[in-house]
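Chemist: First the structure, which I've put down as structure tokens, then a few questions once you've had a look.
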């Protein structure tokens, strides 16, 4: 049987660094909730069997009516960390018939610049890969490591950027492998910040697929203006 595709959007974070009065995934950007753009991108890819959004059990901001017409399901099973929310989401996908050998694409709700074209680029590059992989960009800036003993932000040294890539999402792995990887990381006392880290912890080497600058993560207050500018352009609908 052909492996199917599922999308998982962990959406239980508070977005404390964004300075917003509500979780940043619900803040309005270019006329819509930030979460809408990710849902719309996956909805435009008819090859997905289901898109699942995992929100916090006590989330009072989510309103499904704001995403009318888009295909997705919601589960209030968010955990205390991203890793916990993703694991709970993987368990929930079984309700929709997901099998261990099916693919899951995990995507940050705070990356509204994702497009159907980027999603399909990732799928095309990884559908026959034995491990899976992630969207990423080569590091372009010079990297400085701060002196941990300095109280005023002094540079300790410059880090070589050769071979360094900045991880993005979606991150695409087999459901069974990713679940096993997260459970192993948890058992070893690690709370990892992305899915690729868990797969690496299991001893595998995920593949990097070049992404796009537009698919950046909205993190700080000034990022909202950049997201607004990108998403207001006609290309954002492609």
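Quick reminder: no glycine exception, Cβ is built from N, Cα and C everywhere.
Okay, so Swiss-Prot annotates it like this:
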type	residues	note
SITE	17	site 'Transition state stabilizer'
SITE	24	site 'Transition state stabilizer'
SITE	161	site 'Positions MEP for the nucleophilic attack'
SITE	217	site 'Positions MEP for the nucleophilic attack'
Chemist: For residue 161 (site 'Positions MEP for the nucleophilic attack') and residue 24 (site 'Transition state stabilizer'), what Cα-Cα distance in Å is obtained after rounding to a whole number?
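Modeler: Here the two Cα atoms are 30 Å apart.
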Chemist: Take the Cβ of residue 161 (site 'Positions MEP for the nucleophilic attack') and count every other Cβ within 10 Å, whichever protein chain it belongs to.
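Modeler: I count 13 other Cβ atoms within 10 Å of it.
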Chemist: Between 24, 217, which of the recorded sites has the fewest other CB atoms within 10 angstroms in the structure shown?
Modeler: 217
Chemist: Rounded to the nearest Å, what's the C-alpha distance separating residue 217 (site 'Positions MEP for the nucleophilic attack') and residue 24 (site 'Transition state stabilizer')? Just drop the number here, would you?
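Modeler: If we compare the Cα positions of residue 217 (site 'Positions MEP for the nucleophilic attack') and residue 24 (site 'Transition state stabilizer'), the gap is 11 Å.
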